[in-house]
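A.B. asks: Dropping the structure in here first, questions after.
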């Protein structure tokens with residue numbers, strides 16, 4: 001848990017960019033994406049993507065706006081189901097099951113694969129009730145247990161110290177960065193296996209941003225994380241693997257260090273060096 | 001003509017139209033209240049109406065109006081809210097949904113006298129109830145439901161998409177999300193809509209003429225048994241409401257003080273509807289503030 005505490009974010013050397021690179025090859029694959037295509041009506045937003053997302057690692061999805069990375073991440077917990085015109089082909093294998101199948105219990109799936117969105121979206125309830133909202137739905141009524149989960153989740157999301165004295169105040173009174181960490185805490189309370197973060201820091205100020213990054217590095221000890229980001233340096237700081245999306249294709253998917261130092265594809269290099277996008 | 005002058009003329013026209021609307025409303029209020037308020041005394045509000053002598057009040061009519069309103073809302077709100085939830089969350093875009101929407105709009109635009117005649121046929125004759133409060137309430141339900149459906153649908157649709165996603169992404173079912181996230185968020189809108197609909201119901205006369213009737217039995221306000229003949233709570237008794245009373249004393253009243261009674265009753269009616277509107281706005285803003293507190 002002290003992973004980042006003695007390592008100031010600003011003074012990283014290149015060697016440290018992908019801190020767990022040595023372990024990279026040993027990690028098991030938690031989500032195996034095979035020939036995944038996603039359509040909105042007739043438009044193919046993701047074109048037969050293949051990607052093995054590794055366990056206890058941070059996988060960053062980068063690429064210009066409209067390249068399909070958000071569509072991709074939203075298909076992993078079936079949030080695209082909310083869009084009537086969308087349809088997915090191919091497979092995403094999680095624990096041996098293709099989660100794109102029609103008979104999948106989407107509700108159960110989403111509690112295993114949690115998601116945090118770009119815009120902090122706490123419920124207009126108290127901080128405490130934001131976290132217990134889903135727990136109560138799942139039948140947990142024991143006050144002591146709830147108290148304990150609330151504290152644990154807030155601690156994991158590095159928010160406990162800031163809010164422990166005002167748990168019953170409205171979540172709307174928190175700052176944007178705090179709200180976003182509350183949303184992460186709320187998701188962690190469900191004890192998911194995988195955490196999907198859709199541009200979690202892009203609506204936040206730089207300080208909140210770096211807090212979220214520290215948090216991500218801590219969380220990957222316990223969770224497998226997929227993060228969509230527009231911020232190149234963020235991707236290079238927090239992720240172990242990076243996938244570069246362009247016009248619905250995965251142009252390159254490799255260790256973050258390799259993508260940022262020695263990409264195989266010219267287009268990746270052009271994008272990373274800021275020549276387009 | 002240059003664009004600055006055009007702009008000025010347009011502004012002037014809009015201001016004039018707005019001023020006409022305000023003036024019209026103020027004059028109406030002035031006229032009704034200045035004629036009616038002097039008649040509105042405690043005695044007027046608490047004595048029963050009389051058939052032949054001067055000095056009758058509107059006690060029963062006022063009670064009937066409120067009681068029919070309550071019964072109507074008890075039927076309308078659950079049905080309307082469920083319909084609104086269906087239209088906002090479950091109905092898939094397509095021919096069937098469009099058909100349902102057209103039906104709702106048609107229902108909302110039916111003339112109330114037609115609804116009244118329909119009520120006479122169904123709730124009075126076919127059921128064999130005769131003129132009853134429940135018959136009146138059901139007739140009012142017919143044109144109140146579309147309003148409630150529309151209001152609920154709009155209120156639920158205006159809940160930010162992020163709120164719904166947040167709940168669904170936590171592994172919560174759609175129904176539970178509707179119940180615990182969407183409905184609380186939409187509540188101020190639904191409440192405001194319900195109160196505004198109440199104002200309409202309170203002032204409705206045509207639909208009640210042939211359903212709730214033009215008479216009220218002698219009521220004993222000490223009798224709270226809803227099945228007793230003379231109980232004010234009995235829903236199977238005829239009940240003349242305030243709006244119907246205004247119409248009936250004006251057209252077939254035999255009392256010498258027709259004008260005074262009609263004016264007084266009108267003032268009470270207008271004040272009640274005005275109160276509904278103010279209450280709706282006030283409650284709506286209070287709850288909205290509470291919801292977004294600390295922002």
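Any Cβ shown, glycine's included, is placed from N, Cα and C.
Whatever TrEMBL says is automated annotation, not expert-curated.
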A.B. asks: According to TrEMBL, which stretch among B:99-123, B:224-248 corresponds to the feature transmembrane segment?
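C.D. replies: So the range that TrEMBL calls transmembrane segment is B:99-123.
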A.B. asks: To which of the residue ranges B:161-181, B:182-202 does TrEMBL assign the term transmembrane segment?
C.D. replies: B:182-202
A.B. asks: Ranking B:99-123, B:182-202, B:261-280 by Cβ pairs under 8 Å to the transmembrane segment (B:129-149), which is first?
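C.D. replies: Answer is B:99-123, with the largest number of Cβ pairs below 8 Å.
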A.B. asks: Counting only residues 6 or more past its boundaries, what in the same chain has a CB within less than 8 Å of a CB in the transmembrane segment (B:99-123)?
C.D. replies: 83, 87, 91, 129, 132, 134-136, 138-139, 142-143, 145-147, 149-150, 204, 206-211
